[in-house]
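Asks: TrEMBL lists these features:
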type	residues	note
TRANSMEM	12-31	transmembrane segment
DOMAIN	16-288	domain 'ABC transmembrane type-1'
TRANSMEM	51-68	transmembrane segment
TRANSMEM	123-140	transmembrane segment
TRANSMEM	146-164	transmembrane segment
TRANSMEM	225-245	transmembrane segment
TRANSMEM	251-269	transmembrane segment
DOMAIN	315-530	domain 'ABC transporter'
């Protein structure tokens with residue numbers, strides 16, 4: 001819980017509000033019990049009927065109690081929103097598996113919400129309400145306060161024991177969900193490959209296995225929650241019963257207290273134990289949130305090397321290494337300096353070409369040092385082989401919701417021979433395309449993706465096999481567009497055609513996670529070494 005508590009102290013004013021409102025609430029609870037005691041004593045014991053002022057006072061106290069409790073809830077929710085926004089801002093910049101990032105930002109961050117909205121306000125309530133009641137009863141009926149002092153510690157001792165186990169289970173649940181998310185996302189990405197190789201049954205079985213593991217961890221947490229609730233209720237009920245027995249004997253047998261005193265004490269006893277019991281339930285919730293917080297803490301404190309920017313017009317690698325979790329593959333670049341130029345990236349499938357492209361875009365974590373020219377600061381764009389086509393209008397797919405000049409978009413569409421295609425659609429450039437709309441061919445989708453790069457050009461453009469699996473017409477259009485891009489941008493292109501490799505002036509060749517730079521003056525690699 002230290003991590004989440006530390007985050008909450010970034011907003012110290014909320015703790016001050018928690019303290020003030022909880023103190024007010026504890027005083028209101030004592031006043032409420034005293035006033036209700038007066039009414040009950042007047043009606044049942046003294047047989048008086050003139051208690052209008054007392055009833056009005058009780059009404060005001062009850063309204064005040066509701067307002068204060070609402071204030072605590074609002075403050076807790078406000079704190080939660082601010083901390084979650086802070087966590088999302090940090091985690092969204094982290095580089096990790098897409099499934100893990102998505103799960104941490106959604107499930108993980110929402111998992112810590114109860115800590116700030118419920119647990120922290122309850123800590124202040126459970127600290128101040130019992131203390132205020134004890135202080136009052138020391139002067140009002142000290143025997144009851146002694147019973148409370150003896151029985152009260154059993155509640156926190158019990159929920160601490162339960163809470164430790166809950167935190168461990170919550171951590172396991174979060175890790176299980178991360179594994180499930182990553183695997184499911186990978187299955188969705190490779191669904192066509194899975195079908196092609198008749199791998200569906202094994203993929204379904206593995207998905208079911210991860211789902212079952214997540215369900216088991218969730219059920220263990222629920223089981224612990226129900227058990228802790230039962231035991232806390234039992235301890236509180238037993239303690240109130242002891243106080244009621246003592247009050248009954250004092251009132252009926254020993255005649256040592258008044259009826260009014262007994263009513264006030266019996267009104268305060270449940271309030272005392274409810275405050276502790278509610279902390280027990282909130283502690284269980286807090287420990288569950290702490291389990292999520294532990295995972296988020298590891299993500300936030302993980303040391304990730306940052307890109308450096310230098311004055312020279314080069315890209316420098318020094319002992320750079322990157323790898324994927326659950327994979328033996330790693331990309332290693334011991335020492336290399338690349339002048340800013342146009343490059344063709346070649347090598348066998350799985351040799352590290354796309355990994356290198358993502359590395360330059362700072363999309364994946366790495367070890368070592370990597371420095372880019374100052375010219376490339378926020379000026380690197382990576383167009384993957386399977387760039388997404390959103391279920392949205394043509395114009396939004398091209399502009400990606402940025403500002404645009406429609407005439408410029410039309411001119412660009414004509415250059416890529418897409419203008420007539422878009423115009424023939426039912427709503428022109430406002431027609432919805434993608435999975436839920438008009439379907440584009442592979443070549444059309446690739447040309448549309450390339451239009452984004454032309455509309456908002458960057459200094460360094462990395463293209464991942466832009467002409468793969470396309471017809472000759474689409475390939476010629478895209479290659480012509482790339483030649484035009486080279487006039488104002490540096491282009492790195494992952495190639496799959498031998499002809500493209502042969503015509504390149506600067507070649508980066510990858511083999512088994514190693515990279516070799518071949519300039520125009522150096523001897524070319526043999527064609528048979530090129531798998532693509």
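For all residues, glycine too, the Cβ spot is worked out from N, Cα and C.
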Asks: Please determine whether the transmembrane segment (12-31) and the transmembrane segment (123-140) are in contact (criterion: at least three Cβ-Cβ distances under 8 Å, sequence separation 6 or more).
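Replies: Counting Cβ pairs under 8 Å (6 or more apart in sequence), the transmembrane segment (12-31) reaches the transmembrane segment (123-140), since there are 3 or more.
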Asks: Do any residues, 6 or more residues outside the transmembrane segment (251-269), come within under 8 Å Cβ-to-Cβ of it, and if so which ones?
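Replies: Distant Cβ neighbours of the transmembrane segment (251-269) are 29-30, 32-34, 36-38, 40-41, 44-45, 133, 136-137, 140-141, 144, 148, 239-240, 243-244.
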Asks: So which residues does the transmembrane segment (225-245) touch in its own chain, when a touch means Cβ under 8 Å and the partner is 6 or more beyond its ends?
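Replies: Same-chain contacts beyond the flanks: 144, 147-148, 151-152, 154-155, 158-159, 162, 166, 265-266, 269-270, 273-274, 276-277, 280-281, 284.
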